[in-house]
Amino acid sequence: MNPIVKSFEYGQHTVTLETGVIARQADAAVLASMGDTTVLVTVVGKKEAEAGRDFFPLTVNYQEKTYAAGKIPGGFFKREGRPSEEETLIARLIDRPIRPLFPNGFKNEVQVIITVVSVDPEIEPDIISMIGTSAALAISGIPFNGPLGAARVGYINGEYVLNPTVKQIGASQLNLVVAGTESAVLMVESEAQALPEEVMLGSVVYGHDQQQVVIKAIAEFKAEAGKPTWDWTAPVEDEALVAQIKELAEAGFIEAYQIQVKQERYAQVAVVKAAAKEALLAANPDVDLREVDNLLGSLEKKVVRGRILRGMPRIDGREPDMVRALSVLAGVLPRTHGSALFTRGETQALVTCTLGTERDAQKIDSIMGERTNRFMLHYNFPPYSVGETGMVGSPKRREIGHGKLAWRGINAVMPSAEEFPYSVRVVSEITESNGSSSMASVCGTSLALMDAGVPIKTSVAGIAMGLVKEGDDFVVLSDILGDEDHLGDMDFKVAGTRDGVTALQMDIKIEGITKEIMEIALQQAYGARVHILNVMDQAIGSHRADISDHAPRITTIKINPEKIRDVIGKGGAVIRALTEETGTTIELEDDGTVKIASSNGEATKEAIRRIEEITSEVEVGRIYNGKVIRIVDFGAFVNILPGKDGLVHISQISDERVANVSDHLELNQEVTVKVMEVDRQGRVRLSIKEAQTKEPAAE
């Protein structure tokens, strides 16, 4: 074994890259560490591409092992199962910036596996995973236009912080991840507390500048440990076939893209492609139809991009900065706690909000520790939304990613647990889609939350921006269609309020995206966002004054913390009886806070009355209605409050002499008693004869 190690300082931490010891049969394997957080990254690529393949089969698998945090997995099998939501999101985070760095035409299968083998609870594993992946690809010999750098940027007390710790992120107004090459930013993912556009742009530039140390270190690591580059050359286009296809299809594509309705346009594009293929097959029956499909796609892309760059109207007839027609409806479903239907052009989201108690919150046990998530947002993209058939089942990677982006956009305006003691689940059903469905989910979520009476700080809207760039010419597009996303050079999603940005996601397919272009995109996005917010506020401008009649109402009371055990009872018997008999949900906290949830106001009042009974102190001199629970020779024990019994001595039963207690009292008999004394040991002395006056009894 011949280990090769490269170490360098990066922000507050030391980063170490090591190869040559572990997983030596992979094309490349790097053990990457940042502090005590360590990941093993392996890369394997197939030397030959499958014949006729027309896509690049890159797979990124990110897996967190519980042993990394010194834990044993839960569940019956006691081993790791399918990827968690967090693992899926980090896999996407790694995939997005590396995918565009593989050369065009490269169709060989590549698999990247990142395994977290040690974790420091203060250092998240995502950044070192991205760095380790970049290093492994750099030394693998697989064609890759890297290296790639990655950085997390925080914003604390008006200053940017490089790779903040978990504790620092908690105090930060920004949590942004940026990845890029030496000359270009490729990917941004962020969550922010409504920060101004200039702060967001500054954080991207700061992160890209700081990660140059990573890019330089990986280049040096590659020089020392890199394998020979594969002998691979990009396939050469058949220029004669390209010319034939242009002659057969260009005019048809130009005409088809005059059609503004998506389904009609798609039908006409299909006609143009079918006619071109038919003509080519007639001339040459041996023509490669897969190559023809690829070349038709390239021509289609050039036609659309050329129209935009020449200043012609967009596919649906809009100008570059125009937002599609909006339709906003709140309260569209009668029995949900909150609902909204948000439509922007041919993109539509039906969004619902459900309120629950604290026990409905999501409990997450990851290698970074346990946490509770009171706000959940789930995004569903059924096949009918794009007029197709398909599998319906558990959420795919894309649905998880889009849901998390919408969650980030909204989270900054959510109320605290003290302001609003409910768990909140939002579901966005995409019922129509033609671009920017995740941002439609942000808008719909804001509306549904307000309809449910959730006191969010202000409305939030989201917009997707696009870019078409050739040389020095570029056009920034607002509210992009699905086709513009597919054919363009950038997908730039911005969510925020009137005051600032709450989430920013950017994926760039080309180099040369300058600070100027990002600045224009952010400013154009701000104008579009304000326009959408104005329309949304006309439908519902602030949260409803009260929650839905169908939602559980949570009432909070305080009791003496020492009385919590009395409310719970032996083996939970008391609280179980309380919840079953009143039909409420009751939650207790260590500080004596009691939360009673029910959609029935009378049930809540009854639960409060009984809890107050259980926790109230016995008062000397007060009269109570009680029940005889035990008879002894010297008197009777009477229950006066839940869990509170007292003794009526034989001498205190009547003014007359009592020879036998059973002659005057029987079990379960209701009697009125007066508290005469509570001694130091908490024993209660009662009297029936002293309570014979007309004083009202305590229930």
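Glycine is treated like the rest: Cβ placed from N, Cα and C.
The model shown is predicted, which means the values in this text are computed figures rather than measured ones.
If you check Swiss-Prot, you get these features:
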type	residues	note
BINDING	Asp485, Asp491	Mg(2+) binding site
DOMAIN	552-611	domain 'KH'
DOMAIN	621-689	domain 'S1 motif'
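Computed over the domain 'S1 motif' (621-689), the whole-number mean pLDDT of the model equals 89. Look at Asp485 (Mg(2+) binding site): DSSP puts it in a helix.
Just so you know, the Cβ of Asp491 (Mg(2+) binding site) picks up 21 other Cβ atoms within 10 Å once every protein chain is counted. Helix, strand and coil counts under DSSP for the domain 'S1 motif' (621-689) come to 7 helix, 36 strand, 26 coil.
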